[in-house]
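Let me begin by presenting the structure, written as structure tokens, before commenting on it.
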């Protein structure tokens with residue numbers, strides 16, 4: 001019996017199961033992906049204290065608008081139809097919980113794919129993203145696609161050009177060359193959406209650097225970009241500096257909001273940077289943009305980042321802050337930062353992504369480290385035991401034969417305190 005049949009005939013106990021039984025699936029591919037996404041979604045929303053009605057609302061959105069963007073299920077040999085580098089196991093959706101202001105919020109990140117991805121009809125997987133963002137317009141009336149259309153015109157290629165570009169890089173590079181990614185947050189009674197674009201294919205086509213491509217396309221927004229220029233100039237100053245060169249950090253992609261309402265009447269611009277350096281001093285230099293970002297909030301952020309760094313990553317005892325950690329040779333083993341630009345802001349806001357999958361401690365030690373971090377930040381009474389909730393989530397998810405291993409710890413410090421995020425994956429390789 002396939003995954004879809006198993007779900008639609010299984011005893012009902014959880015909202016994700018009830019939804020499957022009541023609605024069924026368009027095809028076996030969607031049934032397969034729901035069987036992998038449903039269990040961790042249910043457990044993570046229980047962990048985050050979502051009410052039953054809120055779980056149904058979120059699940060209905062994911063079922064209707066994200067599930068079709070997962071593409072074909074893996075073949076009989078376990079190989080994914082189109083591997084994407086959103087997570088270490090190449091699956092098309094990544095799930096996460098964001099801890100902030102006493103609440104936990106479910107997040108998803110998705111690189112849309114379809115049965116045409118990688119074929120002559122869509123050689124580098126562009127059309128699925130367009131289809132996905134148009135599909136969700138019916139339930140996101142505040143969605144504004146002006147910026148999306150601008151950047152798509154800057155980054156997307158016609159089929160013949162895309163096919164030609166594909167022959168110029170190796171297979172891994174093709175998979176890393178994500179043209180577009182959609183991310184969703186699910187606060188109470190709401191859906192927020194971000195879209196990210198990556199300059200890799202345009203760099204192959206033009207020979208320009210990521211920085212040149214990203215800056216040119218952002219400045220191409222014309223008058224829309226004026227409120228962001230001060231913060232963008234600060235970021236550019238560091239990007240071109242000797243400090244950035246020593247830290248081995250470079251911009252790799254950017255994102256913006258598409259649902260413009262309430263606190264997001266104007267989009268943020270988030271520019272993401274990558275480095276393979278892992279010395280903590282280098283992390284501080286990047287986080288503070290070489291000292292351009294200052295003040296008590298930044299200092300508190302650095303201090304909290306150091307606690308989390310040592311709590312979740314496998315940092316040897318007595319390891320010097322100016323020395324890189326023992327190198328992980330995987331091509332995706334890197335630290336990612338993003339710098340958030342708000343309209344009218346003088347400076348960017350930093351965020352660090354700690355590579356727990358490549359440099360982290362064992363799972364349960366990470367969970368202990370998170371409990372220690374929450375206690376150090378005075379948050380242990382707010383969120384409860386991280387380890388206890390993690391173990392409950394993990395053990396029950398594995399009952400459904402789905403992997404849920406933390407792959408990245410994301411750290412952001414606002415004036416109201418730290419915002420750690422746990423990212424999990426759903427991995428066919430563990431079935």
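The backbone N, Cα and C atoms fix where each Cβ goes, and this holds for glycine too.
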One of 57, 107, 135 listed by Swiss-Prot as binding substrate at the site of 194, 268, 270, 272, 353: 107
CB contacts for residue 194 (substrate binding site) [other CB atoms within 10 A, all chains]: 20
Nonlocal residues around residue 85 (L-tryptophan binding site), in sequence order (Cβ under 8 Å, 6 or more apart): 175, 176, 178, 332
Integer Å distance between the CA atoms belonging to residue 353 (substrate binding site) and residue 86 (L-tryptophan binding site): 13
